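Q: The following feature annotations were taken from Swiss-Prot:
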TOPO_DOM  1-31  topological domain 'Cytoplasmic'
TOPO_DOM  53-56  topological domain 'Extracellular'
TOPO_DOM  78-101  topological domain 'Cytoplasmic'
TOPO_DOM  142-171  topological domain 'Cytoplasmic'
TRANSMEM  32-52  transmembrane segment
TRANSMEM  57-77  transmembrane segment
TRANSMEM  102-122  transmembrane segment
TRANSMEM  125-141  transmembrane segment
């Protein structure tokens, strides 16, 4: 009895990323974009903090915080000095792709709203792109071009038949 319970617990529910049909290479692409976004946010945030303008400093601190959160969520092995790093990463992995997209894009927009400079734009571009990648995965895979063309052709034939019936009815 305990063996079957342990086996059921080990299998557990399928993570949402796999439910949505996210391929392994796309998942790694999103993670890589998250890590690169964290690095760009951290470096740009440090440059932003070297100023006397208070909004630039606030945006720089926010960007450094974004970098830490991105690393914590996407690459918890980089944050092993934080005791709860793996717990946070597991909880983030259970989120749906659209939730990650909103979270990452929202985090990247805040410093740009605080201080619209080239440093904040370039620093948050990759972090925002990470959110966009997760958003695209939330949209899912659409049909291929051949099936789309076939559907369009069927619609066009149906429209032509309706038009022909309309003209025959007028005569």
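Note that Cβ sites are derived from N, Cα and C of the backbone, with glycine treated the same way.
Keep in mind the model is a prediction, meaning the values are calculated, not measured.
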Q: Going by DSSP, how much of the topological domain 'Extracellular' (53-56) is helix, how much is strand and how much is coil, in residues?
A: 3 helix, 0 strand, 1 coil
Q: With DSSP as the yardstick, break the topological domain 'Cytoplasmic' (78-101) down into helix, strand and coil residue counts.
A: 16 helix, 0 strand, 8 coil
Q: Using a Cβ cut-off of under 8 Å, list the residues of the same chain at least 6 residues beyond the topological domain 'Extracellular' (53-56) that approach it.
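A: Distant contacts of the topological domain 'Extracellular' (53-56): 114-115, 117.
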